[in-house]
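Q: What follows is a structure written as structure tokens; I'll ask about it next.
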Amino acid sequence: MTAQILDGKAISADIRADLTQQVASLTAQGQRAPCLAVVLVGDDPASHVYVRNKERACEQIGIRSLPHRLDSATAETDLIELIDTLNEAEDVDGILVQLPLPAHIDADRILGRISPAKDVDGFHPSNIGRLLQRRPGLRPCTPYGVIKMLERTNTAVAGKRAVVVGASNIVGRPMAMELLLANATVTICNSKTRDLAEEVGRAEIVVAGIGKPEFVRGDWIAEGAVVIDVGINRLDDGRLVGDVEFEAAAQRASWITPVPGGVGPMTIAMLMHNTVEAYRARQV
Ligand SMILES: Nc1nc2c(c(=O)[nH]1)N[C@@H](CN(C=O)c1ccc(C(=O)N[C@@H](CCC(=O)O)C(=O)O)cc1)CN2
Ligand SMILES: [Mg+2]
């Protein structure tokens, strides 16, 4: 089998086009536009690129973005003060704090300070708990985006054997919860998993999010599996590769996401989706 490509750029463009229409119809009715506060601390070059891309996506959709660029030496107490101000601001619907934060700042404390109603990244323990319990809430963008991509394959997730490789708080764990919500039979693999190849080989859906270039070998993949690669790794030669050995995996998979142009663009599209959702929830 040779896999069909799950084109994250195209799917995210569809989602953003739909959001553009939604926002246009809100503002045509005289309502204010949704507003996303974008907080970036420090000068990590990749973070600057991601934040710019998020602000550009806001602009295209008609979401107002409120930039807060802070010095890398910003004290944790000052950042908390800013979060509190944004939590209180009537006209701010979503708060995004770009990660990673500088080492002297406790990221968990900051993410836990954001009002769950404005937590458009879906990282607050309350939103994670809601996902775990099948209750409505803001859902972490990357796993949510993966679910949207799986919908595009027109293969039912319910009843499928899904293997998530990686158990991070922002990808692996919430991804497993999303797949469970969709009624898959889910296995979460971590760094201590014995015989990873065998686990992956049983999967009808594989989601890789471990942050190790081409760690999941193509010959581990079962014939016809759907392969979702969340990894984005920059090699010394400048090439960008995922966590899956793409060419070999594509020989066996039915669908596969490329890197770049796969899950990455979906993360930003779902952030925009969550911002509009947070706005709507705050209007009632
Ligand atoms: N507060 C958050 N911080 C971080 C998140 C997040 O979701 N919320 N995720 C990552 C960074 N990130 C968004 O913030 C992100 C990374 C990559 C992409 C993307 O589209 N990548 C492109 C390739 C880009 C390149 O050439 O380097 C792709 O995959 O096609 C989008 C979003 C950590 N921090
Ligand atoms: Mg820290």
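All positions are counted from 1 along the displayed chain.
Placement of Cβ uses the backbone N, Cα and C atoms for every residue, glycine included.
Checked TrEMBL, it gives:
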- 6-121: domain 'Tetrahydrofolate dehydrogenase/cyclohydrolase catalytic' (DOMAIN)
- 140-281: domain 'Tetrahydrofolate dehydrogenase/cyclohydrolase NAD(P)-binding' (DOMAIN)
- GLY166, ALA167, SER168, ILE232: NADP(+) binding site (BINDING)
Q: Measuring Cβ to any atom of ligand 1 with a strict under-6 Å cutoff, which of the binding-site residues ALA167, SER168, ILE232 qualify?
A: ILE232
Q: Same-chain residues six or more away whose CB lies under 8 A from the CB of SER168 (NADP(+) binding site)?
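A: Once residues fewer than 6 apart are set aside, SER168 (NADP(+) binding site) is near GLY209, GLY211.
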Q: Once the DSSP letters are reduced so that anything not helix or strand counts as coil, what is ALA167 (NADP(+) binding site)?
A: coil
Q: Averaging the per-residue pLDDT over the domain 'Tetrahydrofolate dehydrogenase/cyclohydrolase catalytic' (6-121), what integer do you get?
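A: It averages 98.
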Q: Should ILE232 (NADP(+) binding site) be counted as helix, strand, or coil on the basis of DSSP?
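A: In three-state terms, ILE232 (NADP(+) binding site) counts as coil.
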Q: May I have the DSSP-based helix, strand and coil counts for the residues of the domain 'Tetrahydrofolate dehydrogenase/cyclohydrolase catalytic' (6-121)?
A: 61 helix, 18 strand, 37 coil
Q: Checking the spread of the NADP(+) site as listed (GLY166, ALA167, SER168, ILE232): what is the longest Cα-Cα distance, in whole Å?
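A: With GLY166, ALA167, SER168, ILE232 as the binding residues for NADP(+), the largest Cα distance is 16 Å.
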